[in-house]
């Protein structure tokens, strides 16, 4: 029946349930991807490159996804493919033996990372082999390690153990044997040639080991890159296809005003997924069986939730859109954005916010892990961001009236800069929670400002294209921020990355204030005063029009 086919309430309920499940699937896997890549012993630049490629891969989805019935067929394939790509990540072997598990290695001696503790420096100086002084490296996270750190520590540990045994045997002898101890520490004349050639052979062996380690890292990185890009392409295709189907259906039944509130369910699902899977993982041992780390549960949960979302999408009513061309909408959005100076400034804000947020949030969980954070605390940190936005959403109208124009944009930038500065000063993992609560005024206020900008400059039929263009700018900034953030973290440390992002946002605030002061001011039309003026002038204008009509008629009659 027609009433059953166009049941708007049922369609909205199914759409809300779909976004709830899809948000939960995203929340339980995507934020924890850098932690899992760290477990695979990948360095920070390669982790940043993988995270950046995942963000940039989503930009190609709206340009190549079909619509209509072909899109419905793509929906099922995207669900199965994204679940398979997420599970494929758990099958990739680590690049080295010393990946960071986040568990207490003393309690899990069989897991990677349980290396012997360094030997205390109690040996006599005569027994220590002289080593050339290395150049000082910049400060970095404690978990960052040179290539083949496990092999190096194991070799040094065995050598130090042999030396310690010799020391113990020598100390048990009488005092008359002290010169013998010194004699064994000094090389003889016949061994001088061997000692001179020993550093050269050690350098050659170390270079070979380092080359093998780098080749192994690149092989693992290529496997990770392929799985991550495929995962993001299919997951974004799923979300984009379902979003188009929901909007076309609501547009056909003239209920698009309800479409704008569906993102609330996605945010609620992201918070629930991150917190729920963290509670589960925190109760598990460091490994499931002999070789599966407990972080793989994040991707198992993603596969289950995304399959449930497929079951929900099957019951959603289908509608074939009448329009199939999307390029004119994108062209119009580009022309609208380029023809407004204030809109261009906001586009730059969206790009920089995406870069700064992604650069820091990609590696913040590494810092929390190094500070001894539990899996539950990291999940609470991830879920607190969308929860704070949901809590502040009822006050959206009051804030928009209190901070008109660019004031809300400047507030969001200032809050994000303060948030990044707070992350750079963390000394305990629990301190990240109150800093993350500022996301309500940071990301939330920027989302409201985006909606206001789209409403101000959009023409009929271009709202979605303009919103998609601004979202693509944010994703592009996030991808480039992750790329550059990995190199900054390895070279200077995570605190420097946060501080540099904070300074960049502060400079952009000054730039916005200076440029907007030079732009021509927009005159606001007071429609109430305009209507009152029209009603008061109506009587006078009617009498004048009647007189003018009478004069023109008399002139025409005299002319005839």
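Each residue, glycine too, has its Cβ placed from N, Cα and C.
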Residues flagged as transmembrane segment in TrEMBL, choosing from 198-219, 220-241, 374-395: 220-241
Range annotated as transmembrane segment - as stated in TrEMBL, picked from 174-194, 300-320, 405-425, 426-446: 300-320
Residues of the parent chain within Cβ reach of the transmembrane segment (262-280), under 8 Å, 6 or more residues beyond its termini: 12, 15-17, 19-28, 31, 246, 297-298, 301, 305, 375-376, 378-380, 382-387, 389-390, 393
Interface-richest range of 220-241, 300-320, 468-489, 495-515 toward the transmembrane segment (341-364), CB pairs under 8 Å: 468-489
Residue numbers, six or more beyond the limits of the transmembrane segment (300-320), whose CB comes under 8 Å of its CB atoms: 5-7, 11, 14-15, 17-18, 21-22, 24-26, 28-29, 68-69, 72, 75-76, 79-80, 82-83, 86-87, 90, 235, 238, 242, 245-246, 248-249, 252, 273, 276-277, 280
Long-range Cβ neighbours of the transmembrane segment (468-489) (under 8 Å; 6 or more residues past either end): 43-49, 51-56, 58-59, 62, 140-141, 330, 333-334, 337, 346-347, 350-360, 362-363, 450, 453-454, 496-497, 500
